[in-house]
Amino acid sequence: MTMQEQSVLVVKVGGGEGNRIEPVLDDLADLWHAGRRWVLVHGGSARTNEVATALGHPPQFITSPSGFTSRRTDRQTALIFTMVYAGEMNKTIVEGLHARGVNAVGLSGADGRVLEGERKKAIRAVVNGRRLIIRDDYTGTITRVNSSLLHLLLNAGYAPVLCPPAISQEHELINVDGDRAAAALAAALSAKTLVLLTGAPGLLRFPDDPASRIATLPLAALDDAMNTYAQGRMRIKLLAAREALEGGVQRVIIAASNAAHPVRQALAGDGTVISRWGRQEEETHEHSATANEHRA
Ligand code: ADP
């Protein structure tokens, strides 16, 4: 299989507590040098919380009536968020990839309108049991991915490193969820596999028990799992997984970023593998080759 024919891999690494970036960069650099092309998406929530607090604008989180939690993003938060994600986080990842011989280009979703979204003009939230409508928020959902810029970079030998914010149709910086952004990118790039690396070893039956990992999950059981096991931010990962699969991605793997070889282990199935069928047999030759390589 030539490099051009092989699908791009999309990997997202979380920015919450318990994530580690270094082993992810080690693995990605090895894959890159072996000819595998990927796009990395990253988060930055824990660092944003620290910086926002230090700047006297501490983070606030809101819960939607359907139970999804998100960062309250007024304009000042959007700017702090951009400083941390597109600044420190993005550039230290780019720095780490250069140190590993990978010519990385860091972009926010606003650059080249890679991630275009719709700003929510009014968001419904439940705060202390009361339903509120918030109108000055800068969050949104992705409506379009400019994959041509990413192909341009990949074809020229650059490794794209992407993060929120996205850009709205009215040209405002908007906070979009990183997992859902990675899902939209994976679908737009016709990726076969999306890897979501996080602080947990996968979807757990009991969030405090790492041994309770659910190894495989069919798309049909996703809603059930979302309501039964997943809490907080893990629910959004499952939502992202569904969006990716519905967008044509073959499998989404939720796995630990703090493993020895996080990407290779995830590709070998060490995590929660979510697919239309919920079985490993549906994997293409490309995937099993990666798995064997890891086991060897
Ligand atoms: P990110 O790594 O992308 O920053 P988050 O920290 O925001 O991700 O979300 C992942 C977190 O969700 C896990 O670290 C864990 O604390 C929590 N979580 C809630 N329910 C579950 C579950 N059932 N299985 C695994 N993790 C869960």
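Glycine too: its Cβ is placed from the backbone N, Cα and C atoms.
Automatic prediction, not curation, is the source of TrEMBL annotations.
Taken from TrEMBL as is:
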type    : residues      : note
BINDING : Arg71, Asn175 : substrate binding site
DOMAIN  : 8-255         : domain 'Aspartate/glutamate/uridylate kinase'
SITE    : Lys12         : site 'Transition state stabilizer'
SITE    : Lys237        : site 'Transition state stabilizer'
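Each of the recorded positions Arg71, Lys237 was scored by the number of other CB atoms within 10 Å of its CB, and the largest score is that of Lys237. The recorded positions examined here are Lys12, Asn175; by Cβ neighbour count within 10 Å, the least packed of them is Asn175. Spatially, by CA atoms, the recorded positions Lys12, Arg71, Asn175 include one closest to Lys237 (site 'Transition state stabilizer'), and that is Lys12. Comparing Lys12 (site 'Transition state stabilizer') with Arg71 (substrate binding site), their Cα atoms are 19 Å apart once rounded. Mean model confidence of the domain 'Aspartate/glutamate/uridylate kinase' (8-255) amounts to 96 (pLDDT, 0 to 100 scale). Secondary structure at Lys237 (site 'Transition state stabilizer'), as computed by DSSP, is helix.
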